[in-house]
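J.: Handing you this structure, nothing more for now.
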Amino acid sequence: MASKGSPSCRLVFCLLISAAVLRPGLGWYTVNSAYGDTIVMPCRLDVPQNLMFGKWKYEKPDGSPVFIAFRSSTKKSVQYDDVPEYKDRLSLSENYTLSINNAKISDEKRFVCMLVTEDNVFEAPTLVKVFKQPSKPEIVNRAAFLETEQLKKLGDCISRDSYPDGNITWYRNGKVLQPVDGEVSILFKKEIDPGTQLYTMTSSLEYKTTKSDIQMPFTCSVTYYGPSGQKTIYSEQAIFDIYYPTEQVTIQVLPPKNAIKEGDNITLQCLGNGNPPPEEFMFYLPGQAEGIRSSNTYTLTDVRRNATGDYKCSLIDQRNMAASTTITVHYLDLSLNPSGEVTKQIGDTLPVSCTISASRNATVVWMKDNIRLRSSPSFSSLHYQDAGNYVCETALQEVEGLKKRESLTLIVEGKPQIKMTKKTDPSGLSKTIICHVEGFPKPAIQWTITGSGSVINQTEESPYINGRYYSKIIISPEENVTLTCTAENQLERTVNSLNVSAISIPEHDEADDISDENREKVNDQAKLIVGIVVGLLLAALVAGVVYWLYMKKSKTASKHVNKDLGNMEENKKLEENNHKTEA
């Protein structure tokens, strides 16, 4: 016969059965929390009228419970179980909401809220999920450079402290990189910190670059799950130096090759379009089969015209990859014959030649006493006015600074030549006597009166121009006198005399010499007259030819008319004879 148990035993038994079996119908409830935040878990149960107390527990992986918090409905007191990982982290409110501060990865568990009455136990499970945003990904262990046609490690993309773990993606210019055999290789790995349970993700990229990757940005991203869903964080851009071989060689000349002249320094610069550019080249000079090894520049100093020719440079290890250029060293030679100081006698012949030798057509300018001449000088018979400083100057317009000049200082000497003239003043009270002197060096003039032999100092002289000048005196002689003019220079002493009648005796005046300026005017007038006469003669000749052609044509026409008239007369006579015969 079975005995009946006590009421307390019966209650404990019912509670155990309820805790183990009775799980009223609330479904799973999930609370998402960020790492380090406070986890708040409502009980989600209606508080019954006869509530004795409330408890929170979590379940171990094997299903065994661990109680962590207790609150009595009557004493309003809270008790926390001695669980080391939750010490000083728990808070249980009056409505049995459990809060856990400083959320950790280890808090990812199934927590259960239990409300206990005298005859029942009510439970509401809550699943806690903890998320940790990973650090911003960064590209580390970057390659110093990438080489074309070589599969080489570009770098590692690393993102730390993530929970749960995330995925890393590589991008080239914003487009996703996918593994391609021999061209793109991606190796992903993740590690978990035993203490924090946080993940570190690393993705290594090996990449075969091309020249199209120059200045192309590479990035990576990490995609992870957070409390609000999936998110992505991008790294900073990384741009890599792309190494590629030289495909073309160019050669430059400094200064520009169209302006090189003798005496200049020439620098040849050879460039390759590879990266990095070649540092050394072979330079080949005109007429030299062997090259000269140098850096990317080679300098020739004080070049001469024989440096004109073809210059070439090439890569050290690829002689067929070369470039060439033609250099012309411009030159300009000038030879003036005669040059320097030349002394000639008046009337002499002096041929002058200015010979130019240049790398291209040069301009030639003649100057006399700083005045430009229209043509080069030529002296078939030297005059005093031909004396002066002559300069032959030549230049190459295309080449700055290339000009030459030579000078000729021409001295025309002559013995003194004298001509004396006299002229009576219209008033008849005085006479002007002029001594015209020509010669070089400038002759000195002296006047004397025959008889007395006295020297006359009261004279007036003209300027000495082109080897000529004159000296004049004005006298009023009471009797006939003879005036003597003496001209002397380093070459000779010349004397001339002139008889002058007394003022009371009329005499014929002698005309003055024509000055150089007047002589030129006379020559110009003579040329003009000759031109007019020649023009008139040509006009008369043309008129004569036209008249002759006209007369010839007129005579021909007259013959034709007379012939026609004769034929008409003959026809008339024939008609008359015919009439007579019929009668």
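All residue numbers here begin at 1 and follow the chain in the order shown.
Note: Cβ is positioned from N, Cα and C throughout, glycine not excepted.
In case it helps, Swiss-Prot gives these features for our protein:
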COMPBIAS  569-583  compositional bias 'Basic and acidic residues'
DISULFID  C43-C113  disulfide bond
DISULFID  C157-C220  disulfide bond
DISULFID  C270-C313  disulfide bond
DISULFID  C354-C392  disulfide bond
DISULFID  C435-C485  disulfide bond
DOMAIN    28-120  domain 'Ig-like V-type 1'
DOMAIN    245-328  domain 'Ig-like C2-type 1'
REGION    562-583  region 'Disordered'
SIGNAL    1-27  signal peptide
TOPO_DOM  550-583  topological domain 'Cytoplasmic'
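Each of the listed features needs to be described in terms of its position in the shown structure.
T.: Long-range Cβ neighbours of C43 (disulfide bond) (same chain, at least 6 residues apart, Cβ-Cβ under 8 Å): G54, N95, Y96, T97, L98, C113, L115, A124.
Every protein chain shown contributes to the tally, and the Cβ of C157 (disulfide bond) ends up with 27 other Cβ atoms within 10 Å.
In this structure, C270 (disulfide bond) is part of a beta strand by DSSP. Long-range neighbours of C270 (disulfide bond) (same chain, six or more residues apart, CB within less than 8 Å of its CB): V249, T250, I251, Q252, F281, F283, N296, T297, Y298, C313, A323.
Non-local neighbourhood of C392 (disulfide bond): L334, L336, C354, V364, V365, W366, S376, R405, E406, S407, L408, each in the same chain, at least six residues away, with C-beta under 8 Å from its C-beta. In the three-state DSSP scheme, C392 (disulfide bond) is classed as strand.
There are 25 other CB atoms within 10 A of the CB of C435 (disulfide bond), with all protein chains counted.
Mapped onto DSSP classes, the domain 'Ig-like C2-type 1' (245-328) shows 6 helix, 41 strand, 37 coil.
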J.: Which one of these disulfide-bonded residues, C220, C485, has the sparsest Cβ neighbourhood, judged by other Cβ atoms within 10 angstroms?
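T.: Ranked by other Cβ atoms within 10 Å, the disulfide-bonded residues C220, C485 bottom out at C220.
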J.: For C485 (disulfide bond) and C157 (disulfide bond), what Cα-Cα distance in Å is obtained after rounding to a whole number?
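T.: Between the alpha carbons of C485 (disulfide bond) and C157 (disulfide bond) there are 117 Å.
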J.: Given the disulfide-bonded residues C113, C313, C354, which one has the fewest other C-beta atoms within 10 angstroms of its C-beta?
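T.: Relative to the other disulfide-bonded residues in C113, C313, C354, C354 has the fewest Cβ atoms within 10 Å.
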J.: What's the CA-CA gap between C157 (disulfide bond) and C435 (disulfide bond) in angstrom, rounded?
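T.: About 114 Å separate the Cα atoms of these two residues.
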